[in-house]
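These come from Swiss-Prot:
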type	residues	note
BINDING	Lys11, Leu12, Ser13, Gly14, Gly54, Arg58, Thr161, Tyr167, Asp170	ATP binding site
BINDING	Gly53, Asp73, Thr134, Gly135, Asn136, Pro137, Phe138, Phe139, Thr140, Thr141	UMP binding site
Amino acid sequence: MSNAYKRVLLKLSGEALMGDDAFGINRATIERMVADIAEVVRLGTQLAVVIGGGNIFRGVAGGAAGMDRATADYMGMLATMMNALALQDAMRHAGIEARVQSALRMDQVVEPYIRPRAIRQLEEGRVVIFAAGTGNPFFTTDTAAALRGSEVGAEVVLKATKVDGVYSADPKKDPSATRYTTITFDEAISRNLQVMDATAFALCRDQKLPIRVFSINKPGALKRIVLGEDEGTLVHV
């Protein structure tokens, strides 16, 4: 079975790294994620990752609590750096070669984000982990995923969440909520479906970059998507 995609951008939330913990990084959870990523890398698909920081600090929450929003967002970017290093370390233990590139310069620790270098590393079979979001406050890591996916020529953004797709309502609160198999960007924006923020949706729509929303907790889901199987929800133009 041939791969449906040559190059993908995987968006991981910081919360996904917590597992069942209330805070931080659950080692067993990150190792399971890396095992799923390893399967995709072995298939020959080029994989880039944008990682959030909500398991450590959320800029939006900091702003809401009275902190200067820009300062809170920069703190959130530093949280993504910690997650990126943890993910790179777990990949190294699994035999996967990975590079971290940061939108904020931290030269003693990771490379700065340089687009041609990122593309070259993907072509050479390395996983590239993009840290620090877009490097600008007021932009989410979902928007960073849309931006980096567009920049490196990904064919799809794979949004890993705790639910197996986009629903008409929150399935945890509304038992009658139904899952969409496919939905357009305009429908998702007009219905205010809180899967990605409107800026990320609009950027992907304008770049004709589809998003597939799937559950990170479903074993083998990432591999099935790369092989072209119908998993989760496809958001398209």
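Even glycines carry a Cβ here, placed using N, Cα and C.
Cβ neighbour count for Gly53 (UMP binding site): 27 (other Cβ atoms within 10 Å of its Cβ, all protein chains included). Other than the site residues Gly53, Asp73, Thr134, Gly135, Asn136, Pro137, Phe138, Phe139, Thr140, Thr141, same-chain residues with C-beta atoms no more than 8 angstroms from the centre of those residues' C-beta atoms, the UMP site, are Gly59, Gly76, Met77, Gly133, Thr143, Ala144. Across the structure, Thr161 (ATP binding site) and Gly53 (UMP binding site) are spaced 14 Å apart at their Cα atoms. The secondary structure of Thr161 (ATP binding site), as reduced to three states from DSSP, is extended strand. Of the recorded residues, Ser13 (ATP binding site) and Gly53 (UMP binding site) place their C-alpha atoms 7 Å from one another.
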